[in-house]
Amino acid sequence: MSLNSTGKVDEEERREDVAVAAVERQDSREVDEGKGTWKHAAFHVATTIATPAAYAPLPFALASLGWPLGVSSLVGATLATWYSSLLIASLWRWNGKKQITYRHLGESIFGFWGYWSVAFFQQVASLGNNIAIQIAAGSSLKAVYKHYHKEGTLTLQHFIIFFGAFELFLSQLPDIHSLRWVNALCTFSTVGFAGTTIGVTLYNGENMDRKSVSYSVQGSSSLKRFKAFNALGAIAFSFGDAMLPEIQSTVKEPAKKNMYKGVSAAYTVIILTYWQLAFCGYWAFGSEVQPYILASLTVPEWTIVMANLFAVIQISGCYQIYCRPTYAYFENNMLRSKTASYFPLKNCLIRLVCTSIYIVLITLIAAAMPFFGDFVSICGAIGFTPLDFVFPAIAYLKSGRMPKNMELRISAQLLNLAIAAWFSVVAVLGCIGAVRFIVEDIKTYKFFHDL
């Protein structure tokens, strides 16, 4: 009797061990260990944040706020989002489980509503950012084309479509890690774009009649307020990175330490590019600076062509990273069925169809309403501000990872609450300003207008 009983217990334990091992193998298949270094993380973060589509509107944002408020807003946003990025990186294993996507991090801390709130804001950020990117890329490609074919008949919409076709090709790469060399090139293009644009901006500024440059905010009192609201959304957009957990999942252990180094390296690039371009652009052209700084530059033409080419190269990688949450949703629901693994060709076909639908939709919107500055602001207000400023501060408070020292604990709590409260206000004001200017632009321009 006892032998049989012992035998049954041993058999049950063996079955349980087999079941646990099977679960672990399944988990390892679903969540691959990261392979990237902190340098790869820096490339990805810099590519998603320090893009021409993000910081080319900064001189215009400063012009809408004026020197004192503009400079303080830019510096404050830089420090706040750097701090917020480190908070998100620190929550990598906060509950003993890897948080490989922003949505799962939201669910693990706030439950059901955390998941779907992050999903909504992340989707808005991805869609809005990619629309703005396609408009920026189309504008840069058209500028290069017009340099060589001044009487050419191709419009902005043609170049938006060309860029969309190229992104459809890149979309067939399987994941973010497979983009590491693309993003390395994009990071170097960021430096190239910033250096070229800053140099040309200073050259143009020096050759202008400085007495004709005005730094006062133009318009009526109500227009000035809406411009300021719009500018706050644009600044929030310029620091947008709603993909930090997805990037961190590509980094090898110790992922937290490597992510800290990668984020800090990326922000070093950001400070060296963002601030200089914003200040130089506003100094050179004053309140007349255009929403896309390259549109304000006139001479020498060859350097403007070079800056536009750098811009297109850089944002091609950024576009891809922001596509990935949508692609992941398609893959989770359509490619991971029981029969999917037996038909790899079918997987590729499904992926091609899904990515084509997404890119055609983005391309159509960008071509129909090429209002670059407005999309930047509304995307920053509704998408990036909640994810890059508000959520990290609240999530860190909720996680309970506060310093043991009482004074430091209270200081950290007050800092996080202040960031969350202020940028919640920024999100609302930025949304109001962006919607107002989109309505005005639709009244002024026809759909598919060639800007």
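From the backbone N, Cα and C atoms, a Cβ is placed for every residue, glycine too.
Small disclaimer: the values here were computed from a predicted structure and weren't measured.
Listed ranges 153-170, 225-242; the one TrEMBL annotates as transmembrane segment is 153-170. Listed stretches 182-205, 265-285, 375-397 were compared with the transmembrane segment (305-327); the greatest number of C-beta pairs under 8 angstroms is found for 182-205. Counting residues 6+ beyond its ends, the transmembrane segment (348-369) has Cβ neighbours under 8 Å at 127, 130-131, 134-135, 138, 156-157, 160-161, 164, 167-168, 171-172, 323, 326-327, 330-331, 334-335, 375, 438, 441-442, 447-448 in the same chain. Among the recorded stretches 153-170, 182-205, 265-285, 375-397, the one sharing the largest number of Cβ pairs closer than 8 Å with the transmembrane segment (67-92) is 375-397. For the transmembrane segment (182-205), the residues of the chain that approach it from at least six positions outside its boundaries are 40, 42-44, 46-47, 50-52, 55-56, 170, 173, 213, 269, 272-273, 276-277, 280-281, 283-285, 293-294, 296-300, 303-304, 306-307, 310-311, 313-318, 320-321, judged by C-beta separation under 8 angstroms.
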